[in-house]
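Trainee: Pulled from TrEMBL, these are the listed features:
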type   : residues : note
DOMAIN : 4-101    : domain 'PH'
DOMAIN : 136-221  : domain 'DEP'
DOMAIN : 244-347  : domain 'PH'
Amino acid sequence: MEPKRIREGYLVKRGSVFNTWKPMWVVLLEDGIEFYKKKSDNSPKGMIPLKGSTLTSPCQDFGKRMFVFKITTTKQQDHFFQAAFLEERDAWVRDIKKAIKCIEGGQKFARKSTRRSIRLPETVDLGALYLSMKDMEKGIKELNLEKDKKIFNHCFTGNCVIDWLVSNKSVRNRQEGLMIASSLLGEGYLQPAGELSKNAADGTAENPFLDNPDAFYYFPDSGFFCEENSSDDDAILKEEFRGVIIKQGCLLKQGHRRKNWKVRKFILREDPAYMHYYDPAGGEDPLGAIHLRGCVVTSVESNSDVRKSEEENLFEIITADEVHYFLQAATPKERTEWIKAIQVASRTGK
């Protein structure tokens, strides 16, 4: 009987020989992790046994690379994976930890329904707390703040974080709030913006997190950017990134010239409505952008430029300028979710 598939999707994996980062189709089984060059491949490039393995998350061994986790096997081999965004990393980590625990206890992997407790548990769930902080209505409000002739977009102050934790009854007092906020910072759920908060996070202050109106912070996937006095062209470019992120993840994208397919990380923003795509193996600057205002997006069942093994879950975006983009999702459900999100952004975003 074949092991049950628990989770699958694109992750960026660090090579064990050349140490390069490449997107892989990763499948979590009950007893191990298989990784493939493409989803359509029949045989994996490798397999990581989970029995006796340990998992480290977050893994901060690679500087600016965010959302990385590490699996260390019994033979002391390290395998590094990078997710597209925070919630995706946490979902993988949660399932891998549970799979390892089930192997140790001789149990079958089974999901249990979870209900959020109103009572703060003894061991704080930082992931759940982070999602509450990001809630559009009841969470921390993201602002554009100015300091030292710079504008910090999509961020908030340190004292606002502590205020929110106290008013939300997540902590009993500001001192306890400082401890929780420092943990959120250390785990990568919050990022420092500006010299004051960065210096504190680097250890130059007594506490890594500052309960201070002049200390700025941001959520790692919020679309944060800092701008100084800039030209009109720069202002137009930065306008693309002002929209709120409504969806993100990895898709296959067809090239316009060579018609080859490559995995790209997509970030969908609304108002203004843009999809920026990035090299998932690294790089902070986007490879390109799709302006979605007035676009048409549809499912595609066949495409003469696509091999039969790659004809699943295709969709097409036709921009107002009549530029065609062919994309491929991993599952029919994921394709539907992307189409719906793009349709909303095309109608509401400028």
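Each residue, glycine too, has its Cβ placed from N, Cα and C.
Help me picture these features in the structure, burial and contacts included.
Mentor: Taking the domain 'PH' (4-101) as a whole, pLDDT averages 89 in the prediction.
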Trainee: Taking DSSP states H, G and I as helix and E and B as strand, how many residues of the domain 'PH' (4-101) are helix, strand and coil?
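Mentor: Taking the domain 'PH' (4-101) as a whole: 16 helix, 41 strand, 41 coil.
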